[in-house]
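Novice: Attaching a single structure in C-alpha cells format; questions to follow.
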Amino acid sequence: MCVGHCWTVLALGGEIFFLKPPLLLELFTSALCLSLSVVVSLPPLCALQPGISIHPSFRLSWSSSFSFLLPILVSGFETSRSPQHILPDDGAVFSTSQLQTFNTPAPCRTVEELTTGAAISQALHKIDPAWFTDGWLGRIKTDVEDNWRLKVQSSVLGQEISDFPLPDLALVAEHSNPVELGRLLQLILGCAVRCERKQEYIQIIMTLEESVQHVVMTAIQELMSKETMAPFGAELSGDLEQQLKKALEDLTELLAEKEALAQRCQELDIQVAVLQEERNSLLAENDVLTDRANQLDTFDDPSTPSGRKHSQLQQQLETLQEENFRLEAAKDDYRIHCEELEKQLIEVQHRNDELTSLAEESRALKDELDVLRNCSDRVVMLEASVETYKRKLENLGDLKRQMKLLEENNMTYMHNTVSLEEELRKANAARAQLETYKRQVQELHRKLSEETRIIIERDSLKEINEELRCTQAQQHQLSQAGMLSSGSPSHDNLAAELIPIEYREKFIRLQHENKMLRVQQEECEREKIAALQAQLEEAHKTRSELDTENRLSREQVSELQQQVEDLQKALQSQAAKPDDVSVPKPSGTNTEKMVQLNEAQDEIMKKKELLEDLQPDNTQTSLKVDELMAALKKKDDDMRAMEERYKMYLEKARNVIRALDPKLNPATAEIQALRNQLADRDKQILSLEEVECRNAAFRLPQSLNFQKLAIESRLGGRTSSVLSPGQSFLSQQRQVSNAPRRALSISVPATTSK
C-alpha cells in the first residue's frame, strides 16, 4: 500500500476549487483502481481582496517564474529572500531553506526531502487545519526512504484545468524534477490564498517587491483562467475509464521498458564472460613474462650484455653531470651580468623620466602659446566684425531712404492701377455696346444679301424680257449694264460669307488673351526660376562652407599625423641608440592629441556624409531647373507658333475686309474707330504690364537684400555663448532657426480710391 501527498487547485470562471488529498492507491494485477476526491468550492480571490491587481502583460513560464513562487510558498510568504540552497533548472531558482519558517517536523532542506511530501503536507495542515485535519495528516507516511512508488498516489478529479500541465508526481518522487515540483507548489499557492488565513497571506504578498507580486498574481490568474468544471455524475465514469486506459498504457510502456532492460542485462552478462576470458589469458601471459624476466642475467656482471650496457649508461650519466655543473657555473656568471644590466637600466629610466618631465613642461608652454595666439586671432576677427557692423549701420540710413522712395512709387503705382481699373470698366461697357453693333451689322449683312438676291433675279428677268423684244445690239447693252450693276453686290456677298464679322472679333480677342496669358506665364516662370536659383546658390554656398571646414579639418589631421610620425621616429631612434639621450615617451598629452585626431577624423566623416546628402539635393534642384527651362522654352515655341497662326488669320481677315465696299456698309467706319480704340487700350495695358514686370524685377533683389540684412541682424544679436566660434555653420543656422523669430513690420500708408 502506498500513500501520496498532493493537493490540486482548480480555477473556473473566477472561482478557485481545492481538492482534498486523494485516497490510497492500490495496485492490482492488470488495472489501477482510482478513488474519487471531494471538490470544495470557495469564493473568488479577487472578490475577497479588491486591492490585488493582476498585470495582463505577464506570461507565466515554468522556466522563469518559480524563482519567485517557491520562496513565497515554502516560507509562508515571509519577506526574507536570501536562499541557502539553490537548484537551477533552465534559469529557475528554488529556495528550500525558508520552508523551515513553518517549523515542520519533517526535514525540508533539499528538493529530495520535499519530494517525500511530508513537509508539504505539514505546511498544508498549518495553512488550513479545517480541511487538512489531524486524521488526514496521520495517514501520511514518512518512512518511505528511497522507494519512489511509495511516495505517489493518483486521484480522479471532479474538475480539470484546461491547457495547464498538471504536475507529474512520478517525476517529482523518482527524479526530483524541479519543474514538476514547481507546478505542484503553484497549486499549493492557490491553497494558501484561499484558506481561512488568506487575508494574512495576501497582506504579506502586498508587502513584497513589485516584480514578485506580478509573478505571484500571474500564477494565480493562470490557475483561474485555465480551470474548467467537469460534470459530476454521468461524466465521472467516463473520466475513470480514460484514466484507467491511461494507467494501462503506462503499464504497457513499463513492461516494454522492463523487457528492454532484461535484454540489456543479458547482453552485459555476455560481455562480462568475454572480459573474464580475456583476463585469464592476460594472467597466463603475465606469468610467462615473469618467468622469462627471472631467467635474465644480472646487471652487476660486466661479462654479460646487460652488464656492459649498464656500464655504458653509467659513463654517460657521469658525463652529463659534469656538463650540468659547467652550465650552472655559466648561469651564475650570467646572473651577475644581468644584475649589472638591471642597474644600468634603472639609471637610464631615471634619466628618461627627467627628460619626459622637461618635454611635458615644454609641451604645456607650447599649448599656452597656441591658446594665446588663438585669442589674438579672435580679437582681430572681432575688431573686423565691429568695423563691418559700423559700415552696415551707415548703409542702413541709405536703405531707409530707398525704402521711403519705394513706398512713394508704390503709392503712385496703386493710383495708376485704380485709374486703369476704371478705364477697364469703361472698356467693358464699350465692349457691350460693340456687341450690340455687331448684331446690327449682322442684321444689315443679312438684309443686304437678301436685296442682292432680289436684284439678281430682277436682272435675270429683265434680260429675258429684253431678249424677246430688242435687237442684238440692245441685248448686248442691257447685258453690260446688268453685269456692272450686279458685280459689286455679289463680290460683297462672297466676302461676307467667307469671313464673318464675329470670327474677326474672335481673332482679335484671342490675340489679346494670348498676349496676356503669355505675360502671366513668363512672370510665373521667372519667379519659379528665381526661387530655384536662390535655392541653388544657397546649396552652393553651404557646400563651399562645408568644403572649407573639411579642408581645415584635413590640415589639422595632417598636422596631428605629422606629430605622431615625429614621435614614432623619436621612439625608434631611442631604441636604435640606447646610450644617447632618450626621447620622452608618449605621455598624457600625446594621448590627448590622439583623441583629438580621432575626433577630427569622426568630424570629417560626418561632414563627408553631409556633403553626400546635399549633393543629391543639389542635383535634383539642377534637374528641376533644367526641366522648367525646357518646359518654358517649349511653351514659348508654342506661343510663337500660335501667334503666327493668329497673325496669318488676321491678315486674311483684313484682306477680306479691304475687299468689301465701304459704301454698302455704313457701320464699318464706326466699327473701325472702336477697333482702333480697343487696340490703343490693349497697347496701354501691355505697356503697364511691362512696367509692372520691371518693377517686380527691381523689387526682387531689394527684398533679398532686406532678408539678408534681417538674417545678419539675428546672427549679430546672438551671444557668444550660443554661437561659439567652434561651432559649424550648419549648427549656427539651426540655433538661429530654432530661436524665437522677431517680426519685421513695415508700415505702408493707406490708399484712398477716387
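Glycine is treated like the rest: Cβ placed from N, Cα and C.
The shown structure was predicted, so the numbers you read here are calculated from the model rather than taken from an experiment.
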Novice: Select from 330-354, 605-629, 730-754 the stretch of residues annotated by TrEMBL as region 'Disordered'.
Specialist: 730-754
Novice: Pick from 300-319, 540-559: which stretch is listed in TrEMBL under region 'Disordered'?
Specialist: 540-559
Novice: Is it possible to list how many residues within the region 'Disordered' (540-559) are helical, extended or coil according to DSSP?
Specialist: 20 helix, 0 strand, 0 coil
